[in-house]
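**Q** Here it is: the structure, laid out below.
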Amino acid sequence: MFDAVPENPYPDGSRADEAPVPHALLAPVLGLLGTWRGRGRGEYPTLAEDFTYAQEVTFSHDGRPFLRYEARAWLLGADDAPLRPSARESGWWRLQPDGRVEALITQPTGIAEVLVGRADGGTVDLATHEVARTPTAKEVDATRRRYTLADDTLTYVHDLAAVGQVLQHHLRAELRRDKE
Ligand code: HEM
């Protein structure tokens, strides 16, 4: 007989002032907790045109010293109307006692990134440590992601080294925290 288990007693939290109590090592990234939405622009030398996108990003935690990270983007047309789903990724940001961050991020395009960097004073700067690719994934060699939190706006720039190109600008976006 199947012995049913009640609902998970350890749900994620996405607010610093609610349960679960955030782990002390999350201090440099507490401002990121929650769901963020906004618009960005992207480009790459191999692409015929620049593009505009909207994105929703969520950071949450379960009381341990790592963030759960999830991001979904969709392309926008000239009139701001949604065109199609675009990049999505999810992963874990592991906070270390000295402010170092180790991140693991996977994408449905067959890319798994391990990044290392630092979090302090409202900024997080992550750069590729290793990239693993499924056999059919595009050739992605490295990324660098810099997040800045100021005046309730989360801004990030994302550089990409892929398909034979050196590390250079791919994305920039500004996100605002979801009000509820
Ligand atoms: C907000 C997140 C992102 C958005 C909106 C975005 C958008 C795009 C778009 C619109 C293209 C053109 C091809 C297409 O129409 O799908 C593209 C190409 C590409 N993107 Fe991104 N991207 C994002 C994040 C990423 C990330 C995280 C990576 C790698 C880790 C990445 C790597 C690439 C690569 C390798 C190409 C193909 C370039 C080529 O083959 O010429 N992108 N991206």
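Every residue, even glycine, has its Cβ placed from backbone N, Cα and C.
Quick caveat, the model's predicted, so the values are computed rather than measured.
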**Q** Of 6-12, 34-40, 55-61, which range does TrEMBL call motif 'GXWXGXG'?
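**A** Of 6-12, 34-40, 55-61, TrEMBL gives motif 'GXWXGXG' for 34-40.
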**Q** Under a criterion of Cβ-Cβ distance under 8 Å and sequence separation of at least 6, what residues of the same chain contact Lys138 (heme b binding site)?
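**A** Listed in sequence order, they are Thr109, Gly110, Ile111, Ala162, Val163.
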**Q** So what sits near Thr46 (heme b binding site) in its own chain, CB-to-CB under 8 Å and at least six residues off in sequence?
**A** Val163, Gln165
**Q** Identify, in sequence order, the residues in the chain of His170 (heme b binding site) that are 6 or more apart from it along the sequence and have a CB within less than 8 Å of its CB; answer 'none' if there are none.
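**A** When sequence neighbours closer than 6 are ignored, His170 (heme b binding site) has Gly42, Glu43, Tyr44, Thr143, His158, Asp159, Leu160 within Cβ distance under 8 Å.
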**Q** For the heme b binding site, please report the maximum Cα-Cα distance among Thr46, Lys138, His170 in Å.
**A** 15
